[in-house]
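As recorded in Swiss-Prot, the features of this protein are as follows:
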type	residues	note
ACT_SITE	GLU207	active site, proton donor
ACT_SITE	LYS337	active site, proton acceptor
BINDING	GLN165, LYS337, ARG366, SER367, LYS388	(2R)-2-phosphoglycerate binding site
BINDING	ASP244, GLU285, ASP312	Mg(2+) binding site
Amino acid sequence: MFNITISKILARQILDSRGYPTIEVETILSNDIKAKACVPSGASVGKFEAVELRDNDKNFYNGYGVTKAINLINSEVAPQIISMNTLNQEKIDNALIEIDGTDNKSRIGANSTLAISLAIAKAAALALNIPLYQYLGGITAKVLPTPLINVINGGMHADNNLDFQEFMIIPNGANKFEDAIRMSAEVFFQLKQILKHKKLNTNVGDEGGFAPNIRINTEVFEIIIDAVEKSGYKMYEDFSLGLDIAASTFYKDQKYKFADYELNTQELVEYYKKIISQYPIISIEDPIAEEDINGWKLITQELGNKIQIVGDDLFVTNCKLIQNGIDNNMANAVLIKPNQIGTLTETFNAIRLAQKNNYNVIISHRSGETEDTTISHIAVATNCGQIKTGSLSRSERLAKYNELLYIEKLLGISAIYYGSL
């Protein structure tokens, strides 16, 4: 049983939720067990993320093809991984890192290494006849994460005029994950009716949230709060608000350039302090640009004991950058995106480092997603307590929520809902 080895690795090109090519890898074991994994792709990408290998041939999928990566997997990487013990995830991932040979996966691509890494982990779980979350986390894996649900999209995730990228509802008052999803769906339904009544657009963005043309951010807060209350729930007690600012996308010449005005770092931090005092906002992601280091120190000093301050572009799931943030008191939470680093082992190392230093951890999807549900299992395996995987529309987002509902049923009375952040 424990000598089950990898007999085949097959890569192919598929499409993600935006219609862009991505990689699917199928692993076949020596006992004929098969498992597949697909990798996502981001729109707002941190400067220090591991490299996603693309063809850059404008005559083929406008340059977004991944045939180079697939050919590398099938012809070069697979022969070096075949015959390895399926259950030795760390050894396999280290081999992938060594085969690539660069600091940022630029030779074979983090999209290549991650697809292989995830497919092998899935196959190993099947070989042991246990759920993936249990294979990754053991018998202590039982915490269902609080979802940070993106109900209004803006920024680079939608064709509207909102500066901020995500406006999220957080069902912190639910008793179990199933209730959290039901409550959030009821708010989402109500939100659509309110937007229609205001004659605002109810088309959805990349992550399934509505994408209305609203000029003022605080108007979005008011609309979401109205939806929560009309659904019969209370702010703070049942729901809170979260934001993903994606500040790096509008930071230029040491200024934060919004559509109608610009602010320096101090003024932006003061703006955050103001809205936090006026609205039930408990989490802000990427409130400061990744290169504005003094700004990160300032906002953590000013607000770090009041709300969750999440680093995404600042950390990009990289242990060195997370350690630098810890050492310099920047942020108090880390967003984890496996495709930012490229292997399951490195992803878990980043999670453990954050948890060891009392930083909150949020497992996250990307704006260009697939039906793969591995991040749902990673969230439960690590007991991290939070997940971001979009809104309550678009099946590539709902697949993750539905998988968590299934995991909650598998865990039965052992399941614990994380709840308040």
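Even glycines carry a Cβ here, placed using N, Cα and C.
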Other than ASP244, GLU285, ASP312, which residues of the chain come within 8 Å of the Mg(2+) site, judged by Cβ distance to the Cβ centroid of those residues? GLN165, GLU166, LEU243, ILE245, ALA246, ILE284, ASP286, VAL310, ASP313, LEU335, LYS388
I need the CA-to-CA distance for GLU285 (Mg(2+) binding site) versus GLU207 (active site, proton donor), whole Å please. 16
LYS388 ((2R)-2-phosphoglycerate binding site) falls, by three-state DSSP, under strand
Fewest other CB within 10 angstroms, which one of the recorded positions LYS337, ARG366, LYS388? LYS337
Check the DSSP secondary structure of GLU285 (Mg(2+) binding site), expressed as helix, strand or coil. strand
For GLN165 ((2R)-2-phosphoglycerate binding site), the one of GLU207, ASP244, LYS337 that lies nearest, given that the recorded positions are compared by Cα: ASP244
Largest separation between Cα atoms (Å) of residues that the record links to (2R)-2-phosphoglycerate, namely GLN165, LYS337, ARG366, SER367, LYS388: 17
Distance between ARG366 ((2R)-2-phosphoglycerate binding site) and the residue listed as 'active site, proton acceptor' at the Cα atoms, whole Å? 8
For ASP244 (Mg(2+) binding site): intrachain residues, at least 6 apart, with Cβ closer than 8 Å: ASN150, GLY155, PHE164, GLN165, GLU166, MET168, ILE284, GLU285, ASP286, VAL310, ASP312
Should one count Cβ atoms within 10 Å of each candidate's Cβ, the binding-site residues GLN165, SER367 would be headed by GLN165
